[in-house]
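One structure is given here, and the rest of the page talks about it.
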Amino acid sequence: MTTTATTSIVDVQDVSLAFGSVKALQDVSLTLAAGEITALVGDNGAGKSTLVRCISGIHKPQSGTISFEGKPVHFRSPEDAREAGIETVHQNLALVDDLTVWQNLFLNREITRGIGPIRFLDRKAMKEAADRMVSNLAVNVPAVKSKVRRLSGGQRQAVSICRAAGFSSKLVIMDEPTAALGVQETAKVEALILKLRDDGHSVLLISHNFSQVMRLSDQVWVMRAGRCVAGRRTIETTGDEIVSLITGSREK
Amino acid sequence: MNSLGSPRPRKDAAGWQQDVKSIGWWAEHAAIIGLIGLSIVFTSLSPVFLTAGNIQSILVAASILIVLTVGQSFVILSDGIDLSVAATMTLGVIAFGMAYAQGAGLLVSMLAAIAASSVIGILNGVLVAKGRITDFIVTLGTLSVASGLALVLSDGKPISITSIELINFSTHGVLIFGNPFIVAAAVAIIAHVVLFRTRFGTHLFATGGSKEAAQATGISTARIKIAVYTISGVLAGVAAILLVARVGASEPAANTTFLLNSVAAVVLGGVSLTGGRGSIFGPIVGALLLTVLTNGLTLMNVSQFYQPLAVGVVVILAALLSRFQK
Ligand SMILES: Nc1ncnc2c1ncn2[C@@H]1O[C@H](COP(=O)(O)OP(=O)(O)OP(=O)(O)O)[C@@H](O)[C@H]1O
Ligand SMILES: [Mg+2]
């Protein structure tokens, strides 16, 4: 009833995490298949973002294991996770408003040149590469030299996704990437997500939009009150079933 | 392709005129406009103001403040504030004097000044980053610690430093640029390169602009914080050396004006007090403006007592203007 035969890229086993008395995650187990779009759904406060933060190295699980490409991993920081090939588009849009598009795209991945330890930014190379990255997108982003502050919500999201898709990432995690977007922007971002999969990235998508989940995903996991309560192949389920799993009116 | 609409750059003549009329434009260039405005006023009021000799003395007088302001800019750009800069400089001055009085050479005395100031800087950084105490409180504490230490170590007494080399250093230079100003200018240029041409600089802006976003990309904001306070400490040490050279003595003075002016110069220079936005040259123009203000008032025989008043008015005006920044 749950997973398929394809190889998994992430295996979450019995992961638990509490913030004081709040049990944000309780024995969560799920798998993400390589090359697929996996959706993670659940009500507000179900623990979706917290799980994502464990996978991307921001939080450390208090118990349980997370395996990436078959090997258990213990990321100590987001840097470690990015190093391994996991990029995250965070719910709160983790871009720095006062930096330019190209600076954000290359944040902590700057291209430098110089001799030995004395290194300077290769701004030209980064701007050119940023231009290329952005022009590959289906979304129209203004000049890479403009400050992120001036971008619309959809353009920001496109930049975040663009950054996550770059740097040969294997898994791209997106926490509600279309939450703040209009109809057209949502459509474009959805196109970007499908393109990511077609380009060979695995995708973990958190969304409250069921039709979007049904449209895009291959596999759905449902979380409720800190637990992963069900998993379904998307083609074998319906929006109604997902809703009843989320609210708990139906188990397993 | 256009549904997300890119803002078209409007740099035609009409757009530019609009720029000049908007208050935001004035706000962003407050320091340089103020500097030019004041210079025009003082030139018309005093025949001495625009002479080579006076410009030279303004630049030399500004050099200590410029060095401190550069350190303060690093800290404020990272969304902090260093209230201890002036006290840290004083401690450096005392360290210099004590080493010199013990018979150490100039070089060793200078290193002592920088070492003592760096210790306070590192302490600030570690307490802010690892102790998770607000920047304001930490540096308020170390302000007291450093000035207290300076008093204890010097027993409240000045040590005169009679070194021909130091006197030569502070009274000579190239053209109208005195050596102290050349040191300050070098510090400023290095600071500019570090801020805008290195990874560290970018990470500093990211830390000041959005700590969460910086951390999400794996930047260690704690390391950045420690680094900026250390830089501020080292530069307070450099300023201490310039101060000893200028005064010819090592005095445990409070130097509070330097603290106020360093923050004022950064604000005048258009650096966002919440971090993440600004430059190095803006604050330096701010420091020059404050020095010109003092110099001009002195030339016009305005009592020294009025100078803090004038500085205060200018800073508050600048802060008001900066609210209109884009
Ligand atoms: N840093 C934190 N400190 C304390 N409690 C936290 C923290 N982060 C999350 N929580 C709590 O953990 C629970 C799960 O939160 P989480 O953000 O993972 O929910 P979510 O499923 O992403 O919800 P949403 O759909 O609203 O984004 C919530 O009760 C939340 O209050
Ligand atoms: Mg969430």
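Note that Cβ sites are derived from N, Cα and C of the backbone, with glycine treated the same way.
Feature annotations, reproduced from TrEMBL:
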- B:30-49: transmembrane segment (TRANSMEM)
- B:55-76: transmembrane segment (TRANSMEM)
- B:83-101: transmembrane segment (TRANSMEM)
- B:107-129: transmembrane segment (TRANSMEM)
- B:136-154: transmembrane segment (TRANSMEM)
- B:174-196: transmembrane segment (TRANSMEM)
- B:226-247: transmembrane segment (TRANSMEM)
- B:253-273: transmembrane segment (TRANSMEM)
- B:280-299: transmembrane segment (TRANSMEM)
- B:305-324: transmembrane segment (TRANSMEM)
Other same-chain positions with a Cβ less than 8 Å from the transmembrane segment (B:83-101) and lying at least 6 residues past its termini are 64, 68, 71-72, 108-110, 112-117, 120-121, 124, 136, 139-140, 142-147, 149-150, 153-154, 158-159, 161, 163, 232-233, 236-237, 239-241, 243-244, 249-259, 262
For the transmembrane segment (B:107-129), the distant same-chain contacts (Cβ-Cβ under 8 Å, at least six residues beyond its ends) come to 80, 82, 84, 87-89, 91-100, 135, 138-139, 141-142, 145-146, 221-223, 225-234, 236-238, 240-241, 244
Under 8 Å Cβ-Cβ from the transmembrane segment (B:136-154), and at least six residues away from its ends along the same chain, one finds 80-84, 86-88, 90-91, 93-95, 97-98, 120, 123-124, 127-128, 250-252, 254, 259
Report yes or no: does the transmembrane segment (B:226-247) come within contact of the transmembrane segment (B:305-324), defined as 3 or more CB pairs under 8 Å with a sequence separation of 6 or more? no
Subject >> Two-stretch contact, the transmembrane segment (B:305-324) and the transmembrane segment (B:174-196), at least three Cβ pairs under 8 Å >> reply: no
Tertiary contacts of the transmembrane segment (B:55-76), defined by C-beta under 8 angstroms and 6+ residue spacing from its ends, are 82, 85-86, 89, 135, 170, 173, 176-178, 180-181, 183-185, 187-188, 191, 195, 204, 208, 228-229, 231-236, 238-239, 242-243, 246, 258, 261-263, 265-266, 269, 271, 273, 275, 278, 280, 283-284, 286-288, 290-292, 294-295
